[in-house]
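Asks: Below are the structure tokens for one structure; questions will follow.
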């Protein structure tokens, strides 16, 4: 490890493994920033992507971009191991950003699941129920709740550092209430919604032969979009579930969890922000085309904003 747990200080000469590890994490940060920038530019530039669903994806990409810009460097500079020993301001700020942006990601995913529910299960009411005004309210609520949760975590942390004894109330706020609001409750809602969507999509698939070709194409497009966003949810759960389970049961374990294990789960969770743009590129051919046009600089040579 890059941290000496016995002397509680950073080693004077980091090993080759540590240098390689930090280089890999720096590269991961760059990939996260570039990938989510491509998503943001694509949705902002191409008029065809100015839809309620893509507005929510844009909000999710902004949260992932901030993870790459803010949380990745802070986590590299003040690793979880050092923050376990030094509960200073920078460690609290890093923890607050981490909680805020992870909460924002899952809140946006929750809003996307609601969008998909109306698109697949109630397509005739979709345009009246989900419009740009409703989406703006969803995004504002998602970011507002996330910021409040992040502020609550940092305030509870400062109160805990001033306690002479073990502060059970602050542990309850950070490890129980925070994780329920940030993770467990939204995940249960999303799983229920996607289960309902799956059942409706199955019924649509059985009756699709009796529909017109145009209606079939629209239904196929909606199901593919739902499948893509369900994959985003699945990847999010794989990345974040170990970390949230760890911090939930950490105060109640008799033996402490090894720091390398906690660090590994933390970085696995952060890597979710790196993976989302690749999921879009894998499933959507028009996202790949948009990425190519942006990277090649074609959008600077000619106006492709209205390209179909």
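These residue numbers are counts, starting from 1, taken along the chain as shown.
The backbone N, Cα and C atoms fix where each Cβ goes, and this holds for glycine too.
Sharing the features that TrEMBL gives for it:
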- 35-280: domain 'G-protein coupled receptors family 1 profile' (DOMAIN)
- 20-45: transmembrane segment (TRANSMEM)
- 65-86: transmembrane segment (TRANSMEM)
- 134-156: transmembrane segment (TRANSMEM)
- 168-201: transmembrane segment (TRANSMEM)
- 229-252: transmembrane segment (TRANSMEM)
- 264-283: transmembrane segment (TRANSMEM)
Asks: Where among 134-156, 229-252, 264-283 do we find the most Cβ pairs under 8 Å to the transmembrane segment (20-45)?
Replies: 264-283
Asks: Taking a Cβ cut-off under 8 Å, which residues six or more beyond the ends of the transmembrane segment (134-156) line up next to it in the same chain?
Replies: 52, 55-56, 59, 92-93, 95-97, 99-101, 103-104, 107-108, 110-111, 114-115, 170, 173-174, 178, 181-182
Asks: As a test of reading the model: what is the averaged pLDDT for the domain 'G-protein coupled receptors family 1 profile' (35-280)?
Replies: 79
